[in-house]
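K.L.:
Sharing a structure with you now.
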Amino acid sequence: MSLLTTSGLTKRFGGLVAVNSVDLRIEENETLGVIGPNGSGKTTLFNLLSGFFPPTAGRIFFQGRDVTHLSPEERVKMGMVRTFQLVSVFNSLKVWENLAPCVAWKSGMYHSLWRFMTTPAASTWADSLEALKLVGLEGQAEAIAGELSYGDRRLLEIALALSLRPKLLLLDEPFSGLSDVEIAKVLALLKSLKGKITIGIIEHKISMIVDFVDRLCVMNEGRIICEGNPSEVLTNPLVNECYWGKQETLERAGVSGV
Amino acid sequence: MGNVVKERGLVLEKTFVAVGKQLTQAGVGQKVLELILIGVVFLILVPFLGAHRATDFAIFCIIVLSFDLLYGYMGRLSFGHLLYVGVGAYTVGLALRYLTTNPLLAIVLGIVAACLAGMAVGAITVRIAGAAFALANLAFNRVGWFLVMSPLKDITGGENGLSIRNLSFWYVNFRNPTFRFWFVLASLLLVFLLLRVFTSSSYGVLLRSIKEDEKRVRFLGYNTQFYKWVTFVLAATVAGFGGALTALNYGYVNPNTLDVHANAGIVFACLLGGSGRLYGALLGGIIYMLITNLLPVYFQRWEFFLGVALLLIVFRFRGGIWGGLEALYSGLAARAKSGSSKEGMSR
Ligand SMILES: Nc1ncnc2c1ncn2[C@@H]1O[C@H](COP(=O)(O)OP(=O)(O)O)[C@@H](O)[C@H]1O
Ligand SMILES: [Mg+2]
């Protein structure tokens, strides 16, 4: 059984169909890449999967359960965790404080609301540091998160996601805005996770993830136009068309659109 | 001559850094020290203000602390916070008139009533985002005002208010200003301690996370509506405690306790001292009370100074007075660290 499936998933913004009846399938412990030109609906697809907004039509199943109308927090509790295209951490908090509520909750430290409200955040320090070690940020635990470099904040966001012990980790362009060194760091971290958890990763540049993913999905204008193992996908003429021959495709759209 | 001044300055600076160091540490002994410090500050105020005034100041600080939890820590501004002060005060007044002769029991009832009111109103308002949250709470506060002034006029006394006759019971004697002062000071310390524990827990961190980006917190698996509601109820409960004490301090309850216009003063005190900082709320509460009590004696149009102070805070000192002190402390502490090696040479 697949970990996640969608059927006919659709999202409309006014007249624009950002995601158009997508049937997606992600297997357990698979690493799936989602690629496609800008504006093809990749982020919108992840927003639907994570519950950022409800779909216009279609359903989402996670571990066989219909999660289409669950809130984001309920999905996180089931193990669906995401990061954002623009790094999103709590800039006003210290690096370790970013992690405090999450590691406390996940390690079962608090049996009750009262314990959660009265146990000092500092008691999560060891667990927070452990989570930071995973991404190599333990040296900056006391820094204010907003003062980290963009790349380090990306690493912090990933540490935050991992501290929630995800079954499915959805990463939206984790390499965008990062330097080559930082990209290498993030990629190494992701490679160490590969096969242990299920990963869905959006990337704009195919070359970045082609060696890393098990399977690729290509989106264009809200649809999945092709999917399969990376080498198959890259030789598919449709893909080349949507990436390189956009102008041509647009011109022919009226004629060949079925 | 200059040397003496300089040395005095140095001593002052060193004391400041030492105190700052103490306040930034944690631990039980630490908390005890903080409570003693706050107690001493209020004791110093008594000879200048009189016990009754100082009690008033302490009660105001309790209310500002409760508001700071909601506004300073969680980032939710309410214009209707005084509703709970009013509920606490009227419950005490009515309880002592119709139910009991025990002021302590009346206080407990006042706190419970404010808590229940907070639960009901919060369940509706915490769902609302942005400015509408502030206004929705204002609306409920107005409803409370209306209830007191019109339909319930016969028991609340309407505009005239309600005087309390049963102020003493057993050893508890709220007729005695000295007793009132100590009782309220103890209450303030209790509230401070409680909020200190709450705000330094993971829950406290969660509040600050919600303040920065609520939507993001939901993607960490937290039902933010629930935690916002809990915080709202907590703030209402503590405010109700403040209201209950107000009633007993005056032996009298009047509609001013839930006048929406006074809400601005609480926001102001919070900002002045430094929002999102418990010490800021205390300092802001005291200084605001000093300004509003003393300035009118010297200036007819004293509100002008409040306005100037507010503009200064908004444009220059976002962290308020306490935030400014914190910045000064971290600067001086850093200098003390790097300068300790050079000090020998300059002598
Ligand atoms: N919240 C939104 N409201 C309106 N339009 C949106 C919204 N989010 C995305 N879109 C539109 O949907 C299309 C797909 O966007 P997106 O999913 O962000 O693409 P990608 O991530 O593949 O670059 C774009 O045309 C974008 O303008
Ligand atoms: Mg995108």
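In case you wondered, yes, glycine gets a Cβ from its N, Cα and C as well.
Predicted automatically and left uncurated, TrEMBL annotations should be read as such.
TrEMBL feature annotations, pasted as is:
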type	residues	note
TRANSMEM	B:32-51	transmembrane segment
TRANSMEM	B:81-99	transmembrane segment
TRANSMEM	B:105-124	transmembrane segment
TRANSMEM	B:181-206	transmembrane segment
TRANSMEM	B:226-252	transmembrane segment
TRANSMEM	B:264-291	transmembrane segment
TRANSMEM	B:303-325	transmembrane segment
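Could you place the listed features in the three-dimensional structure?
P.N.:
Nonlocal intrachain contacts for the transmembrane segment (B:32-51), taken as residues 6+ away from its ends with a CB within less than 8 angstroms of a stretch CB, comprise 22-23, 57-58, 177-178, 180-181, 185, 188-189, 192-193, 196, 282, 286, 293.
Residues 80, 83-85, 87-89, 91-92, 95-96, 99, 136-137, 140, 228-229, 232-237, 239-241, 243-245, 247-248 of the same chain lie 6 or more positions beyond the ends of the transmembrane segment (B:105-124) yet place their CB under 8 Å from a CB of it.
Counting same-chain residues at least six beyond the ends of the transmembrane segment (B:181-206), those with a Cβ under 8 angstroms from any Cβ of the stretch are 26, 31, 34-35, 38-39, 42, 46, 51-52, 54-55, 58-59, 61-62, 65-66, 68-69, 73, 172, 174, 217, 222, 227, 234, 238, 241, 245, 249, 278, 282.
Outside the transmembrane segment (B:226-252) by six or more residues, the chain places 52, 55-56, 59-60, 62-63, 65-67, 69-70, 73-74, 76, 81-93, 103, 106-107, 110-111, 113-115, 117-119, 121-123, 125-126, 161-164, 167, 174-175, 180, 183-184, 187, 191, 194-195, 198, 203, 206-207, 210, 214 with a CB less than 8 A from a CB of the stretch.
Outside the transmembrane segment (B:264-291), and at least 6 residues removed from its termini, the chain residues within Cβ reach (under 8 Å) are 23, 38, 41, 45, 56-57, 60-61, 63-65, 67-68, 71-73, 77, 81-82, 192, 195-196, 199, 208, 211, 302, 305-306, 309-310, 313-314, 319-324, 326.
For the transmembrane segment (B:303-325), same-chain residues at least 6 beyond its ends with a Cβ under 8 Å from one of its own Cβ atoms are 20, 268, 270-275, 277, 279-280, 283-284, 287, 291-292, 295.
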K.L.:
Can you work out which residues elsewhere in the same chain, 6+ from the ends of the transmembrane segment (B:81-99), have a Cβ less than 8 Å from its Cβ atoms?
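P.N.:
63, 66-67, 70, 105-107, 109-111, 113-114, 117-118, 121, 137, 140-141, 144-145, 148, 155-156, 162, 164-167, 235-237, 239-244, 246-248, 252-253, 255, 257-260, 262-263, 266.
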